[in-house]
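Per TrEMBL, the features are as follows:
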type	residues	note
BINDING	HIS86, HIS124	Fe cation binding site
BINDING	CYS92, CYS95, CYS132, CYS135	Zn(2+) binding site
Amino acid sequence: MKTIAVIKQRGNRLTKPRKAISTILLQTKFPLTIKEIMNQLKKNDVYTDTVSIYRTVKLLLNLRCIQQIEFGDGKKRFEAVKENNHHHHIICDKCGKVEEIFFKDENYFALQLKKKTQYKIHRHSLEFFGLCQNCY
């Protein structure tokens, strides 16, 4: 598990909550809020205080093991950064269903944008919103 190795390599302690949060985010197929992470921890009989969860999420963000995603509803969500699995999301405005979407030529667009703007691009976020088949 790359995330756990990164935590150890960077000289951080691998506590039970850190390992559990990393595992939860690696195993879920959609981004989770802090509250959803807390609920998953409780389901797995891992009990820790809210501050420790926020600190762990901040650490994982700083280590670039997870990324933060916002769906426009004011809630911050987090998901694991997985190698060779770069994706975006499409979200149903009505029921909240989230699906991962992949683009073949995404690197082409990033290179064109880099050439045009002279930015050194290190990350991006792209989400689509609409109604799923069950809601329209």
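Glycine too: its Cβ is placed from the backbone N, Cα and C atoms.
Bear in mind that TrEMBL entries carry predicted annotations, made automatically and left uncurated.
Note that this is a predicted model, so its numbers are computed, not measured.
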| Across all protein chains in the structure, which of the binding-site residues CYS92, CYS135 has the highest Cβ count within 10 Å? | CYS92
| said: Cα-Cα, whole number of Å: HIS86 (Fe cation binding site) versus CYS132 (Zn(2+) binding site)? | reply: 22
| query | Rounded to a whole number, how many Å is the Cα of CYS132 (Zn(2+) binding site) away from the Cα of HIS124 (Fe cation binding site)? | reply | 24
| said: On the three-state reduction of DSSP, what should I expect for CYS92 (Zn(2+) binding site)? | reply: strand
| message | So among CYS92, CYS95, CYS135, all listed as binding-site residues, which is physically nearest to HIS124 (Fe cation binding site)? Use the C-alpha atoms. | response | CYS92
| Taking the mean position of the Cβ atoms of CYS92, CYS95, CYS132, CYS135 as the Zn(2+) site, which residues outside that list, in the same chain, have a Cβ no more than 8 Å away, listed in sequence order? | ASP93, LYS94, GLY96, LYS97, LEU131, GLN133, ASN134, TYR136
| note | Around the Cβ of HIS124 (Fe cation binding site), other Cβ atoms found within 10 Å total 11
| note | Densest Cβ environment (other Cβ within 10 Å) across the binding-site residues CYS95, CYS132 belongs to CYS132
| Looking only at Cβ atoms, how many others are within 10 Å of the one on HIS86 (Fe cation binding site)? | 13
| message | Need the DSSP three-state call for HIS124 (Fe cation binding site) to compare against my parser. | response | coil
